[in-house]
Amino acid sequence: MALKVLSALDTARTQWYHFKAIIIAGMGLFTDAYDLFCIPPIMRLLGLIYYQHPHDQNLKFQVPPAVTSIMLGMSLLGTVIGQLVFGRLGDLIGRRRVYGLSLMLMVLSSIGCGFSICTKKGCVLVSLGFFRFLLGLGIGGDYPLSATIMSEFANKRTRGSFIAAVFSMQGFGILASSLVTMVVCRIFEVSSHAGIPAEGRPTPEEADIAWRIILMIGAIPAAMTYYWRMMMPETARYTALVEQNVLQAAKDMEKVLDVSMSQIAEDGPLPDINPVPPYPLFSKKFFRRHGRDLLACSASWFLVDIVFYSSNLFQSHVYDSFLEPVGELNAFRDVYEVAKLQAIVAICSTIPGYWFTVYFIDRVGRVKIQIMGFLVMALVYVSIGIPYYSFWVHPSRRKGFMALYGLTFFFSNFGPNTTTFIVPAELFPARFRATCHGISGAAGKVGAIIGAVGFLWASHRKREDGYPKGIGMTASLVILGGVCLVGVVVTYLFTQETKGRSLEENEEDHPDGEGRCFLRCFAAFDSSPRAHGDSERDHFALQAQP
């Protein structure tokens, strides 16, 4: 028997509060994308400021590869830890109680990144790395909390679209980081009268202020939504199913859903909602019931982040053919051009991909979109990878390469980059939901470290720009295509379709739906009732699936 307040949530019409929740939850993802994706132009500016390299023309005005890798890795490492810690806290003490903490950590660390304590190179870089680690903690915490809160407030008919809309705020964060960088650089270029680079020093002193302002502006959107996060009630599913306070859940939802108390209050004795958790996290029964789902979510997220973050790092290879050599333009104009190309990719590819998912996710389903995204990405990577040096490096074909490169972002976001954020928020019980989402996301960010740092070093075919000889772009892109094909297989074999079902139905039934052929094979050879303790009725129902 379902609780009336939860049934009301599942069948509620779309109303203003849903859109308000999207904005409140989405600002964390907006800030996440702003801070993570403004770092490529920032690192280019830091190279122009702090790395003159008068005796090494090969590295002149460029941040050494080891420093770049550390800066990228610190924020991603912080994100891994933040997802695990805040995800678990969200289940132990409540989503709302830790939601504001993660946002405030993002705000303060964004400001800290801008101040970075001092102006000497070593001190600046150490301080920047430290605050980017703290920033990663806050960003990591926002992932499981935002997804879980939105999934628990949404109705089952449009839940996927709502969660995807929250995640789509990343696209606007990427665009905002590019636009802010362009505006700040243009203002400083005009005000400092930076013209043709002077011999030996193309970087005006004001540039050391510009990158700090760019980073600190990222704190403003998050800070503006802090009050509204604190005013949000705890989700009804957490209050009713985890805290066992059904009456309080009904009172909270009376205001949120704009319904009368009589419609959502229980008429008689409360149904049995398992006042004591029947099995703990990471117990044998937990893994029997949810192990495959956790494996599917974690593996898919791991694979897509290898590809997604590698693609962002390959931007330097793509952009180099469109940009003047480092040092030929003044620092502000140089960084302006990098940010402009990022904005073009965001407008033409990244943001449309997110919103295609918003529109189609509850019509087509999660599994089909995820498989399609992985498959198209694999085809694109192979098509640009194999002939990369023999065909695509020619200047006359760079626009064609740019178009195909943009497709990888489109089908990543209209595909696994978004669905891997959605599915973990729908599959697991309320008492484990944020924890399992955090584990899945942490696995993804481990893949991001491999993609962002590993492929950054591997993609060079010869010694250049301070990097040692690697496997080159052809091998790197083909490997990424192979990773996408593995993602297709993992999705098809393990990922459960959650479209149109309530969160409680997903938790209890574990239906044999699209993408669950592994379960069909397993059930065909399993002659005993399902090991996780379900009834024989459930066991035979599983085997009877077509």
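Keep in mind that glycine also has a Cβ here, set from the backbone N, Cα and C atoms.
If you look up TrEMBL, you'll see 21-43 (among others) marked as transmembrane segment.
Annotation comment: TrEMBL describes 21-499 as domain 'Major facilitator superfamily (MFS) profile'.
Sequence annotations record features per position, and here TrEMBL assigns transmembrane segment to 63-86 (among others).
Residues or ranges marked as transmembrane segment in TrEMBL: 98-117 (among others).
Annotation source TrEMBL lists transmembrane segment at 129-150 (among others).
Residues or ranges marked as transmembrane segment by TrEMBL: 162-189 (among others).
Here TrEMBL flags 209-228 (among others) as transmembrane segment.
Non-local neighbours of the transmembrane segment (294-314) in the same chain are 37, 40, 72, 76, 287, 370, 374, 377, 381, 405, 408-409, 412, 415-417, 419-420, 423-424, 427-428, 436-437, 439-441, 443-448, 450-452, 455-456, 459, 473, 476, 480, 483-484, 486-487, 490-491, 494-496; each lies 6+ residues outside the stretch with a CB under 8 Å from one of its CB atoms. Taken from TrEMBL, the feature transmembrane segment applies to 294-314 (among others).
For 341-361 (among others), the entry in TrEMBL reads transmembrane segment.
Among the features that TrEMBL reports, transmembrane segment is placed at 373-391 (among others).
The transmembrane segment annotation in TrEMBL covers 403-423 (among others). Counting same-chain residues at least six beyond the ends of the transmembrane segment (403-423), those with a Cβ under 8 angstroms from any Cβ of the stretch are 143, 147, 151, 160, 163-164, 167-168, 171, 296-297, 300-301, 303-304, 307-308, 311, 314, 318, 345, 348-350, 352-354, 356-357, 360-361, 366, 369-370, 372-374, 376-377, 380-381, 383-384, 440-441, 444, 487, 491, 495-496, 498.
Under the heading transmembrane segment, TrEMBL lists 435-458 (among others).
The transmembrane segment annotation in TrEMBL covers 470-494 (among others). Listed by sequence, the residues of this chain that lie at least six past the ends of the transmembrane segment (470-494) yet keep a Cβ under 8 A from its Cβ atoms are 292-293, 295-296, 299-300, 303-304, 306-307, 310-311, 314, 317, 367, 370-371, 374-375, 377-382, 384-386, 388-389, 416, 455, 457-461, 515-518.
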Exercise for the section: Could you check if the transmembrane segment (129-150) is in contact with the transmembrane segment (435-458), meaning 3+ Cβ pairs under 8 Å among residue pairs at least 6 apart in sequence? Expected result: yes
Problem - Intrachain residues whose Cβ lies under 8 Å of the transmembrane segment (162-189), provided they are six or more past its termini - result: 18, 21-22, 25-27, 29-35, 37-38, 41-42, 146-147, 150-151, 153-154, 204, 206-207, 209-210, 213-214, 217-218, 221, 330, 332-333, 335-336, 338-340, 342-343, 346-347, 350-351, 353-355, 357-358, 361, 413, 418, 421-422, 425
Problem - Within-chain partners of the transmembrane segment (341-361) [C-beta distance under 8 Å, separation at least 6 from its ends] - result: 37, 40-41, 160-161, 164-165, 167-168, 170-172, 174-175, 177-179, 182, 315, 318-319, 322-323, 369, 405-407, 409-415, 417-419, 422, 499
Fill in the blank from the handout: Taking the transmembrane segment (21-43) as reference, the highest number of CB pairs under 8 angstroms among 63-86, 98-117, 209-228, 435-458 goes to 209-228
